[in-house]
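Chemist: Swiss-Prot lists these features:
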| type | residues | note |
| --- | --- | --- |
| TRANSMEM | 38-58 | transmembrane segment |
| TRANSMEM | 82-104 | transmembrane segment |
| BINDING | His88, His189 | heme b b562 binding site |
| BINDING | His102, His203 | heme b b566 binding site |
| TRANSMEM | 119-139 | transmembrane segment |
| TRANSMEM | 185-205 | transmembrane segment |
| BINDING | His208 | ubiquinone binding site |
| TRANSMEM | 231-251 | transmembrane segment |
| TRANSMEM | 295-315 | transmembrane segment |
| TRANSMEM | 327-347 | transmembrane segment |
| TRANSMEM | 354-373 | transmembrane segment |
Amino acid sequence: MTIRNQRLSLLKQPISSILNQHLIDYPTPSNLSYWWGFGSLAGICLVIQIVTGVFLAMHYTPHVDLAFNSVEHIMRDVEGGWLLRYMHANGASMFFIVVYLHIFRGLYYASYSSPREFVWCLGVVIFLLMIVTAFIGYVLPWGQMSFWGATVITSLASAIPVVGDTIVTWLWGGFSVDNATLNRFFSLHYLLPFILVGASLLHLAALHQYGSNNPLGVHSEMDKIAFYPYFYVKDLVGWVAFAIFFSIWIFYAPNVLGHPDNYIPANPMSTPPHIVPEWYFLPIYAILRSIPDKVGGVAAIALVFICLLALPFFKSMYVRSSSFRPIYQGIFWLLLADCLLLGWIGCQPVEAPFVTIGQISSLVFFLFFAITPILGRVGRGIPNSYTDETDHT
């Protein structure tokens, strides 16, 4: 048997054929830009987080009296421990940067539209799982911001009618954030990344069922090429750029994206003057704080994800790509600026004028989802020459 025949025989095996179908011979639109490379970057970030997390867990002790010291032990005594911790801590930030860019690319090019509704909804579920995983991971170092962040955020569950207080008690494992809480969060933080892997594989499988969107938003079965080697090489450029960007944070600014109060051991008797979550939670945190009522704030956070989940089902879009929708382009860039403003508001004190700015910014955020179905009706349709080949329902 020749080498070529051996290769073909190997690719016909069950597992190999699946990998070949989805990672090598997958038919890809030939006009994809670098904005379509953030999906593979997100996968790389997830692998980095799992690998570094497994090694960190070998030296971490989930106990309120030992957790903070075990983190310092990793930093000071474990060979390469400082690198593992900085890769894991900054890797979370890189993961969210990549995913946020991935989401905004999907919004700009309307990648959520038919027939990719399920792909988008799975992506929203993955995003929600990421938020939960990152939050409980932020608690594990058991510094001041870890402890008080856990206390404030978990207590929000008490806003749920009837069962809220029961849920909070279950989350805490008692009547306050304590050792039981830390143990539960450590177990969940170890488990959830593997659930994320499963959800990501479902996301990929759902995407490949109908194929990738493209910058023009026009579906064509003819103008496609194999994923390998063309888009591997194109993605490689993004991977190298990401590695350089990631390395700068690890080696030159490893603590810039964190909070200095988390280098102080948790003290239940001393409340920090300003409780701030990690930067990637700040836009959502700003929406939460903009509403004085606890129930209203929790409802607003739930509404954020409901809006994202409902977006694909507004079947009112003649043209997918924003390249041909100048009005939507302007609204999109307004949304992006608004999210950046919400991020800045989230780290400011709860006082005037920041509260008012946060309320206005939150209103603008939700108005985007309210007017998107209307904007879908504004503009010219797809040319008749593409009607037979294009799905623009």
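In case you wondered, yes, glycine gets a Cβ from its N, Cα and C as well.
A quick note: this is a predicted structure, and the numbers were derived from the prediction, not measured.
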Chemist: How about the transmembrane segment (231-251) and the transmembrane segment (327-347): do they have 3 or more C-beta pairs under 8 A, pairs 6 or more apart in sequence?
Modeler: no
Chemist: Using C-alpha positions only, work out which of the binding-site residues His88, His189, His208 is nearest to His102 (heme b b566 binding site).
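Modeler: Of all the candidates listed, His208 is nearest in space.
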Chemist: Where does His203 (heme b b566 binding site) sit in DSSP terms: helix, strand, or coil?
Modeler: helix
Chemist: Between the stretches 38-58, 119-139, 185-205, 327-347, 354-373, which one has more Cβ pairs under 8 Å with the transmembrane segment (82-104) than any other?
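Modeler: Per the Cβ count, the answer is 38-58.
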Chemist: Same chain only, please: residues at least 6 beyond the ends of the transmembrane segment (327-347) with a C-beta under 8 Å from a C-beta of the stretch. Say none if there are none.
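Modeler: Cβ under 8 Å, 6 or more out: 104, 107-108, 276-277, 279, 281-287, 289-290, 354, 357-358, 361-362, 364-365, 368, 371-372, 375, 378-379.
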Chemist: Is it possible to get the count of other C-beta atoms within 10 angstroms of the C-beta of His189 (heme b b562 binding site)?
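Modeler: There are 21 such Cβ atoms around His189 (heme b b562 binding site).
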Chemist: Between His203 (heme b b566 binding site) and His189 (heme b b562 binding site), how far is it from one CA atom to the other, in Å?
Modeler: 21
Chemist: Measure from the CA atom of the residue listed as 'ubiquinone binding site' to the CA atom of His189 (heme b b562 binding site) and give the result in Å, rounded to a whole number.
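Modeler: With the alpha carbons as reference points, the distance is 29 Å.
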Chemist: Answer with yes or no whether the transmembrane segment (295-315) touches the transmembrane segment (119-139) by the criterion of at least three Cβ pairs under 8 A, sequence separation 6 or more.
Modeler: yes
